[in-house]
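Asker: Structure provided below as structure tokens; questions to follow.
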Ligand SMILES: [Zn+2]
């Protein structure tokens, strides 16, 4: 068991308060802080700080002893690498419109860019590793997101509600084909519109959205989002594309799972996010970063409908687990209300990252070593450690997130 120090990524859309407050640093931070990375991704691995002041990266630790750190089965299954990356994500402004590749697409895309000699850190590099990146985002505060194509029949209703004659011709594409083929046709048309056409179309869309919001129409929330995106990214085709996506407001503890090819854009809020250990993002707009529309179109999944909101399964007291099809990760929370200090045992024999998001917990290993984990604190539990027991401090309320490779995380 070792305490972790984690890298903060300063992307421009980040919050100046959320991550600093979680880590107990002065608020506001001098720069936006977007993501806290907990894991062993080569671009920014967590660090272990030893009592003598020396530091070691979690990546180096795992590489030096994969069987001991990950367990033999996990090390074999994932070729000696920690298969997941855990993040705290704090968005003050919308993130890019994006999707992530499937395993096969990532393998091919990475190989093609390697063969083309594009440096790994080049701005126009799409595939920074050969892995897919399914992800689960679980709200810590109210969290706003666009994810997955809305049922095209609902989108037709939305377009008909907007008083923008310039949109009528595009709506017809979907009326003629209210299915994934129609969505593909409309999205492809919009995302590839010449700038002059966009510059003529977007103002009338925004005017129509202003009117719809003023009249408290049935798509008020969707229209407000279009207006916010239009203001943040004037002239960006992603503003149009946002019209096609499901709009989510997640409450704390609610989550959505985004498989390969799901088009999404996080809008605002703080969340814990877990994903396969990859940084492969294909962007379609709403960003100053590299956008590659043809490659995005190649990986997108145009099937439409509701993306279910996951509230986790309570398979025993204190513990809620978010099951997904991703084999690389399993995310759980352990929560204690004030006055409840029942101990909770974690599983042994598997690697785990524990992140405290509320209160403080004491972590002990088979009754021996004990560590206090305050809010924002995190630790690494290698597979070779004995059973860890968590207990909240002084009868106060507490919450931790526990990330582990797919499988059962808790002793039952
Ligand atoms: Zn994403």
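Cβ coordinates come from backbone N, Cα and C, glycine included.
Owing to the predicted nature of the structure, the values given are computational and were not obtained by experimental measurement.
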Asker: Of 216, 264, 290, which one shares the Zn(2+) site with 98, 100, 135 in TrEMBL?
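Answerer: TrEMBL lists 98, 100, 135 binding Zn(2+), and from 216, 264, 290 it also lists 264.
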Asker: Give me the CA-CA distance between residue 98 (Zn(2+) binding site) and residue 283 (active site), in Å, as a whole number.
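Answerer: Residue 283 (active site) has its Cα 4 Å from the Cα of residue 98 (Zn(2+) binding site).
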Asker: By DSSP assignment, list the helix, strand and coil residue numbers for the domain 'Phosphomannose isomerase type I catalytic' (4-150), in that order.
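Answerer: Across the domain 'Phosphomannose isomerase type I catalytic' (4-150), DSSP assigns the residues as follows: 36 helix, 42 strand, 69 coil.
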Asker: Determine the Cβ neighbour count for residue 283 (active site): the number of other Cβ atoms within 10 Å of its Cβ.
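Answerer: Excluding its own Cβ, residue 283 (active site) sees 21 Cβ atoms within 10 Å.
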Asker: Give me the mean pLDDT over the domain 'Phosphomannose isomerase type I catalytic' (4-150), rounded to a whole number.
Answerer: 94
Asker: Within the chain of residue 100 (Zn(2+) binding site), which residues six or more apart in sequence place their C-beta under 8 angstroms from its C-beta?
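Answerer: Long-range Cβ contacts: 132, 133, 134, 135, 258, 260, 261, 262, 278, 280, 281, 282, 299.
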Asker: Rounded to the nearest angstrom, how far is the Cα of residue 264 (Zn(2+) binding site) from the Cα of residue 283 (active site)?
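Answerer: A Cα-Cα distance of 10 Å.
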Asker: Work out the three-state DSSP category of residue 264 (Zn(2+) binding site).
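Answerer: Going by the DSSP assignment, residue 264 (Zn(2+) binding site) falls within a strand, counted as strand.
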